Amino acid sequence: MQDQYILALDQGTTSSRAMLFDRNGNVVSVAQKEFRQIYPHPGWVEHDPLEIWATQAGVAAEAVTHAGLNGTSIAAIGITNQRETTIVWDRQTGHPIYNAIVWQDRRTADFCDQLKAQGLEDEVRAKTGLPVDSYFSATKIRWILDNVEGAREKAKQGKLAFGTVDSWLVWNFTKHELHITDVTNASRTMLFNIHTLQWDDALLDALDIPRSMLPEVRPSSEVYGPTKTTVFASKIPLAGIAGDQHAALFGQMCTRSGMVKNTYGTGCFLVMNTGTKPIESKNNLVTTIAWQIGDQINYALEGSIFIAGAVVQWLRDGLGIIRSASEVETLARGVEHCDGVYLVPAFAGLGAPHWNARARGTLFGVTRGTTSAHIARAALDSIAYQSMDVLKAMEADSGIHINELRVDGGACANNLLMQFQADILGVDAVRPQVSETTALGAAYLAGLATGYWKDIEELQNQWKLEHRFSPSLPADQAKACLDGWQRAIRAAKAWADAP
């Protein structure tokens, strides 16, 4: 019998990707295609759902043919996706009734303020683990029902379907047969009770969203059904679904309570596995579902930082002090440390654990002796400081002391940043050999469901270290750095609060 592989589909915010993995978790083949970002008004962000499907189906076929294989070589398909992005389509025609409203879209911010004024925030947080925010799917669905002609009537008649991107892909891969999602994607809608594992009727009523629109919620690792499209000649089991950050946590094999990963991308996403019980955050973190395998649910705490790698793009595009992002490490190494210069990159407000929408980027401690190297160093340091703020909040909420931080994402290739991250945390930052942890997590979930891999223990043995960064900064110096950062954060907030 020929060797078989797992196909992971990674549907992201700017591109659709497909990756083939072998039994050792190695990448065999990759295909990627970008798609359009649509900005109808300031603060609005949309995608064309048909383009999402076309690009994802296209790269799926491409990754398989690139490797000289066909559908019979694929043991299972796992899906991971940009979370919260909202699609509503007509069940009969299969056509979207409006563009996908993307997670970044802020058009429903005023409606969220109304919900808070009605006193809904405590109920939403208690049931879903989420704050009331336009980031999540619920108010996006409501906007479509209120603003697309005939949508409300069709929804009442049961003619419309809602789904996050995973649901939309499965619906199309199964020729409109399966309307499902997994618990991780459901947990990001602001409509799913993470304790009962059911759609919450009281929240649906409060938002005036018919339950008939919603997909069936399934575990993250399960054989859902076979593909039925012409993308592949043979039927392949669809067997794993998880939102991107949940998949990355699983791909990093953070399978035990207290294990944490940080994905350093445009922003940072830190997720801590908190085991089988949800922990309510007292420090402005989000309580969410890590994954469900069989009957077992794992919960997580999550904190998101808006500006991480984006601060390096700003050094390049805004200040012009580097020509490419890869130059930042060399420039920053031109100084031993930041010499009292601190950059708080609150270009879009501050995310977790501060959640201050009015804060703006601020640069402190600048003297005549300050150079572009100091600013580059302060920019990199700011990524590590913001991550530390979230990790300290996670420790406070969970009562668990973090032993190490598993790192992934584009900016984790920056050795200077990773070393400083270890220095100020006082724990090791560990970088895996396989950096494609999100796609790998989706592959692992699908492979477990089909018996391609035996159990989680087998997968834990596949996790391989590429580099371990251990703290080397003396404790008194680390404390001085942290004190300066805390002063900078306080000053940035004071600036935001000024009349």
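Residue 1 is the first one shown; counting continues down the chain.
Any Cβ shown, glycine's included, is placed from N, Cα and C.
Remember, it's a predicted structure, so these values are computed and weren't measured experimentally.
The sn-glycerol 3-phosphate site recorded in Swiss-Prot comprises Thr13, Arg83, Glu84, Asp244 together with one of Tyr39, Tyr135, Tyr299, namely Tyr135. Within 10 Å of the C-beta atom of Thr266 (ATP binding site) sit 18 other C-beta atoms, taking all shown protein chains into account.
When the binding-site residues Arg83, Glu84, Gly309, Gln313, Asn414 are screened for a C-alpha within 10 angstroms of the C-alpha of Gln245 (glycerol binding site), the residues that qualify, in sequence order, are Arg83. In this structure, Gly309 (ATP binding site) is part of a helix by DSSP. Under the DSSP three-state reduction, Arg17 (ADP binding site) is assigned to strand. Largest Cα to Cα distance within the recorded sn-glycerol 3-phosphate binders Thr13, Arg83, Glu84, Tyr135, Asp244: about 15 Å as a whole number.
In terms of C-alpha distance, the listed binding-site residues Ser15, Glu84, Asp244, Gly309, Gln313 place Gly309 closest to Asn414 (ADP binding site). Looking at Ser15 (ATP binding site) and Asp244 (sn-glycerol 3-phosphate binding site), their Cα atoms lie 13 Å from each other.
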